Every structure is written in structure tokens, then in C-alpha cells.
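Trainee: Pulled from Swiss-Prot, these are the listed features:
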REPEAT    18-102  repeat 'Solcar 1'
REPEAT    138-222  repeat 'Solcar 2'
REPEAT    247-331  repeat 'Solcar 3'
TRANSMEM  24-49  transmembrane segment
TRANSMEM  77-103  transmembrane segment
TRANSMEM  144-169  transmembrane segment
TRANSMEM  197-220  transmembrane segment
TRANSMEM  251-277  transmembrane segment
TRANSMEM  306-324  transmembrane segment
């Protein structure tokens, strides 16, 4: 009897410990998938934003395709991009889940109007979990704040990789390797150079991530209601899941694309400023100076350089990343729920 009890305790303990780890792994996989597939769009965005000619997309594409190694040229910078997006997504999703779960567990609905938090019971997900995901369902205000905080924290940790990615993708620098780029930056700009543009990045990422989560969750609810779909949760039976057209994945994918398009349009000026500061820190120095110079030299249009590319890439990357992440987490939640039921059945 004691052995059975000990096994039960071990299983529950491993379940609690595995959840943050799996959120990290799911975020890493989703980030790697989207970054590798969409690297050409990210490279083109960087090249377009570095130019004072905001309509330089076609010449940039022709230049790359005319090079001796066009395929390699389109995927230049894949390694730093994959590292940044992969581990950045892992840190972001893990932090976001931790924050949202903590908010839901403390039941702060009276602080965040419309919140539906509640304490987890018996090791299961909080009752505030949305039907379309394993994440807690919060109010718009709570979604905005948790999304912004999680993104800025992950962005700070990954900022050196982001700077290396931007410099390596740009044709302003002739770096032969990432290690060579890192040594050159530290030699000429100090460690501070590895964090160039963090202010603009934080100001871009905080509202983007917050708005994205708000738009994403609202879009999922609206689409599910409009299409009459009840997306499967960890507690759904196989029969109930078969009666859920369209699938959870399709709702999450469409919602991710729509949310990214809206959030990207609103925050694009910050992205352009960030790119200029990271590429030419000696000229632009900081966000305020960069914005003033860009408006004086190139006009308002310069703040929306690369918008089409960024919107297309963000829509696809966010839709892919969030769909893969949500599906992996829901799969894991179902497996953990089944394990708990099996253990209870044995006991």
C-alpha cells in the first residue's frame, strides 16, 4: 500500500515539475519552426528598413537572387534568427503561462474587470482555462499586462542575439561569422553594444505582445461563437471533440494571423526605429534621436518601411507559433489528465 501511495506522489510531483518544462519545450519548437520557414521574409524586412528608400523591396530581392548563392542568401542569418526566436519563444511562453496561472490562481477578477481566475484544483488546470487552450482565461487588462511583461523580459534576455541577427542580416557589415560579429561589437562598442536598441525594442514589444494577446483571445472567442465551435479542452471526450468543427487548430491559426496583423500595424514605427538604432548606433544613438532624424530626413513614410513584409511574416509566424504551441500544450494536458485518472483507478 505504501508503495502505491509513493508512486502516486511521484507522479503528481513529476506532473507539476514537467509543466513549465513542457511549456518551454513547446515554445522552443514552435519558435524554431516559424523562424526557419520564414527567415527570407525577416531578412528582406531588415534590408528594406535599413534603406532610406522605403520602396527598395524589389531591387533587394533581385540583388539577392542575382548573387552566386541565392538560396543561401535568402536564409542568411538563420542561425541567430532561430536562436533568438526559438529560445525567445520558449522564454516568452513559459513566462506568460507562469504569469497568467499566477493571476488566475489569485483570483483577481475584482482587480481586472472581467477576469475569470480561480485556484487550480487537484493538480488540474484552473477552472478559468479557456475552451480553446490550456491557458487561463483572463480579462483584456490582465491579458495586456501579462503579455507585455512576459515579452519585455524575454526580449531583454535575448537582446544580444537580436543585435547579432540584425547586424548579420544587414549588408552594412561584412561579418564572416556570428562569433566575429560579437567580437567586433564588443571591441568597438563594448558590452553595451549588444543591447543597442533595447529601449525601442521594449517599447515596440510591450504594446505588441499585450495587444496581440488581447486580440488573439478575443478573436478566438468571437470565431468560436460565430462558427458554433466548441474547441476541445483537456477534459473533452473523444466523442465531444469529433463534434467540434472547425478544429481548435484552425480557429487558433486564424486568430493568430488576425491578431498579429492588427498589432503589427500599430507598432511598426517602433520596429523601424529599433532596426535603425541597432544598425547605426553612432548616428541614431537612441530612440528619440532616431525618430527625429528619420522624420526630418525621410518623412512619416519611413516609419512604416517594411510594414507589408513585417505584417505578412508576423501573421504567419505568430499563427504558426501559437497554433503549434497551443496544440502541444493541449495534447500534454490530456495526457497528464489521463495519467491522473489511471492512477486514481489503480488506487
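Here, residue 1 is simply the first one shown, and the rest follow in order.
The backbone N, Cα and C atoms fix where each Cβ goes, glycine too.
Help me picture where these features are in the structure shown.
Mentor: On the 0 to 100 pLDDT scale, the model's mean across the repeat 'Solcar 1' (18-102) is 84.
Outside the transmembrane segment (77-103) by six or more residues, the chain places 20, 23-28, 30-32, 34-36, 39, 42-43, 112, 115, 117, 120, 126, 135-136, 138, 142, 146-147, 149-151, 153-155, 157-158, 161-162, 164-165, 168-169, 178, 209, 213, 317, 321, 325 with a CB less than 8 A from a CB of the stretch.
If you look at the transmembrane segment (251-277), the same-chain residues 6 or more away from its ends with a CB under 8 A from one of its CBs are 46, 49-50, 132-133, 166, 196-197, 200-201, 203-204, 207-209, 211-216, 219-220, 223-224, 227, 229, 231, 284-287, 290-291, 294, 302-307, 310-311, 314-323, 326-327.
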Trainee: Per DSSP, what is the residue tally for the repeat 'Solcar 2' (138-222) in helix, strand and coil?
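Mentor: Helix, strand and coil residues of the repeat 'Solcar 2' (138-222) number 72 helix, 0 strand, 13 coil.
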